[in-house]
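Engineer: According to Swiss-Prot, the record shows the following:
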type	residues	note
DISULFID	C177-C227	disulfide bond
MOD_RES	T336	phosphothreonine
MOD_RES	T338	phosphothreonine
REGION	300-372	region 'Disordered'
SIGNAL	1-29	signal peptide
TOPO_DOM	30-251	topological domain 'Extracellular'
TOPO_DOM	273-394	topological domain 'Cytoplasmic'
TRANSMEM	252-272	transmembrane segment
Amino acid sequence: MILPARTPETSLLRVLFLGLSTLAAFSLAQMELHVPPGLNKLEAVEGEEVVLPAWYTMAREESSSHPWEAPFLIWFLEQEGKEPKQVLSYFKGSLSNKPGVTLVHSISTRNVSLRLDALQEGDSGTYRCSVNAYDSDGKNIGHSIKTIELKVLVPPAPPSCSFQGVPYVGTNVTLNCKSPRSKPTAQYQWERLAPSSQVFFGPALDTVRGSLKLTNISTAMSGVYVCKAQNRVGFAQCNVTLDVMTGSKAAVVAGAVVGTFVGLVLIAGLVLLYQRRSKTLEELANDIKEDAIAPRTLPWTKGSDTISKNGTLSSVTSARALRPPKAAPPRPGTFTPTPSVSSQALSSPRLPRTDGPPPQAVSLTPGGVSSSTLNRMGAVPVMVPAQSQAGSLV
């Protein structure tokens, strides 16, 4: 490659080119964002507000912007493990911002400070401010970026107090205190209120865990114990009452607890028994009931049957024997006996006695008809079982 010979004119052009390049680079780097020294890391309390201070300047120019200057401003929030998110942007009079995020000053003053209202713990992170300046022709005349780290502190939430162990004389009891939320982590302090005021220290007190160990307690250690959880931005407290019992008092309390437990068990048992009984009665009411077996009926004997029971003989006539035989029509004025059937044999009626010889007994059938008459009529004597007054056969 052949290089042209260096002449004074060529050297001058080279110097001019390098100078213009330097001026162009300086013009792009003439914008600068500023953050006050020591304010690039801020801390604020949850629920309050904070201002992230920042402004930009143009080299060798006044602090106020020119009419032809058009800044493009963006504030980002960067959090660990999350994508950056835009919280505010401004360009040519158009402002877009999240709720609770505003600019402190007008953009024409080149002050781009950011205000955050009603802070929450989730607002912690690194805020990045980016400013690009354009001229009236839309040419970029400067760009700068600054970051501010914000840490939102949380005062301790009200803690909860409790104790472990049975507080009677000679035993050990541990008092516990814990706040569910605190940033930074809360430190704990225990003290006993008047009339026997006392502040506790290690090794009985664990300021990180919030526990206080009381050993070989006595009745003099009874009282109200207060736990205070605190950090750099606030504190909260709770209390617990310790009533040290003697042996007899402890026995009474234990008996009351056991009695209560037994009573609850008995009540539960009665309720279950009542429910089971009600269920059983309901099932019985819904069952289909069968009728009782009817008593057996004895068949009537036929006219020709003869039954002897316990030596009792009775005479009955069957339906066949009761049929009158075919005979000549009765004479006028003659009585025709009608046979009757009875389930019991009737004794012959006794006639009044006279001085004459005793009358001969006449065997009559029930209804006043003699057996001889029935025999002439064709009746057949049969034996049937007799029936007692209770309805049973004899």
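Backbone N, Cα and C define each Cβ position, glycine as well.
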Engineer: Provide the number of Cβ atoms within 10 Å of the Cβ of C227 (disulfide bond), excluding the reference atom itself.
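Structural biologist: Within a 10 Å radius of the Cβ of C227 (disulfide bond) lie 25 other Cβ atoms.
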Engineer: Name the residues of the same chain, 6+ apart in sequence, whose Cβ is under 8 Å from the Cβ of C177 (disulfide bond)?
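Structural biologist: Residues satisfying the criterion: P159, S160, C161, Y188, W190, G210, S211, L212, C227, A229, C238.
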Engineer: Tell me, what is the mean pLDDT of the topological domain 'Extracellular' (30-251)?
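Structural biologist: PLDDT averaged over the stretch: 90.
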